[in-house]
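The following features are taken from Swiss-Prot:
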- 472-482: compositional bias 'Basic and acidic residues' (COMPBIAS)
- ASN100: N-linked glycosylation site (CARBOHYD)
- ASN168: N-linked glycosylation site (CARBOHYD)
- ASN319: N-linked glycosylation site (CARBOHYD)
- 437-486: region 'Disordered' (REGION)
- 27-495: topological domain 'Extracellular' (TOPO_DOM)
- 496-513: transmembrane segment (TRANSMEM)
Amino acid sequence: MSLPCCGRVRYLLLALLLHGLGEGSALLHPDSRSHPRSLEKSAWRAFKESQCHHMLKHLHNGARITVQMPPSIEGHWVSTGCEVRSGPEFITRSYRFYHNNTFKAYQFYYGGNRCTNPTYTLVIRGKIRLRQASWIIRGGTEADYQLHNVQIISHSEAVAEKLSQLVNRTCPGFVPGNSPWEQDVSYNLWREENGCECTRALNFAMHELQLIRVEKQYLHHNLDHLVEELFLGDIHTDATQRMYYRPSSYQPPLQNAKNHDHSCIACRIIYRSDEHHPPILPPKADLTIGLHGEWVSQRCEVRPEVLFLTRHFIFHDNNNTWEGHYYHYSDPICKHPTFTIYAKGRYSRGVHSSKVMGGTEFVFKVNHMKVTPMDIATASLLNVFNGNECGAEGSWQVGVQQDVTHTNGCVALGIRLPHTEYEIFKMEQNARGSYLLYNGQRPSDGSSPDRPEKRATSYQMPLVQCASSAPRPEESAEENKIGRYSSRAPKKDSSVFMLTLMLFICTGSHWNIHS
């Protein structure tokens, strides 16, 4: 039974919403003005949308992140979980940087996607020298490094034998036939003083040290809980190209062992590990992928080809359709928008990947797209193109959305319609109980995974679920989202959120009576 006071508050809030927010309110719909239940449904939808809006707006306002320039990397940095590199390779990292510019890095490799069964460890020693701020990747710092020594330790006899054979294929005779490698014994793969270099068999490179970024933030606005993150350069998605590739994006960040998220169990385990005691992470069951609800970026993301963006995905599992909002920026903290893309289409039912443990394969089709230039430079660029290559010729204006479906996409942005992509997803749950959604890493060469053989074997930065269910496609009103997620967002959103939240709390028991 609902409380009398709550009933009065409910109708008072409805009056405030209807009177104070005006026709621009997301709560007002033509079909919702005459029926209380329709109003409640609209209010609940606005509550969910404002949750996602609030999370993205937090990123677009800088997310209270401080970027250290030049970065101070001295200290001990560790992975926050089991990382997946293209191949796939399952790895955790533990890197120490010393005051004299030397470093010692552990790379622990595993036989599965939960990092519970270590197979071998690389111990890398060398020297690093920070250079200037990157001219290519804003917010990053370029660096040079020199290797002194690379050692390998196998954690089982079977792995030792396999690695011996692998190394001998690229370095014939490196491992004597009468003296194969043994378990838990350290062997040199690279030694500077005698010219020993047999790392090619493992497609090994430390070019990740050529691009560095350090971020600091206080979790939950608590000045006693500083978290420092070290972003190192990305690894080429084609393993054979790693030793020739200069990073143009970042890997998942390492956290400072001294200033890390206290909920990170993996951080503490990896911190205490070494080559003879590799980290064994707590086992977890793979979560079944359910593509439904709404998901948003957790940080300003960096892509190869110097792209900064945030993403908002909406999945309608009742009819296997999806919507994607891609907000592009000119800066590494996503404060200065350049253009937005709204895309929608269909996706297939998921199939467990036979190549990437823990992954689920999907096929996504894009058949509808809209573009909005958000600055003068982008609008001018789009207006340069002749004919019907990207919307109506010469018609682009800042902040005005245009449908490019009828021109089969937008040549200026490298997008052709219709378009098909072969995707891989995985789902995890963080320490706070939030669901995370990972989709496939984009190819380092800038191409698209438009064929099955180009399907990713590693993942992008995860999205976090902001709403467990999605509005019906006709209710999503993508045209209204451009302004809300840009730096030009209206100022009324917080009041809408609070009023809607109060309305939801006060109508909960009312709904139960009628259910």
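Cβ coordinates come from backbone N, Cα and C, glycine included.
Straight-line distance linking the Cα atoms of ASN100 (N-linked glycosylation site) and ASN319 (N-linked glycosylation site), rounded to a whole number, equals 59 Å. If you take the Cα of ASN319 (N-linked glycosylation site) and the Cα of ASN168 (N-linked glycosylation site), they are about 53 angstrom apart, rounded to a whole number.
Within 10 Å of the Cβ of ASN319 (N-linked glycosylation site) there are 8 other Cβ atoms, across all protein chains.
For the glycosylation sites listed here (ASN100, ASN168), the lowest count of other CB atoms within 10 A around the CB belongs to ASN100. When pLDDT values are averaged over the topological domain 'Extracellular' (27-495), the model yields 87.
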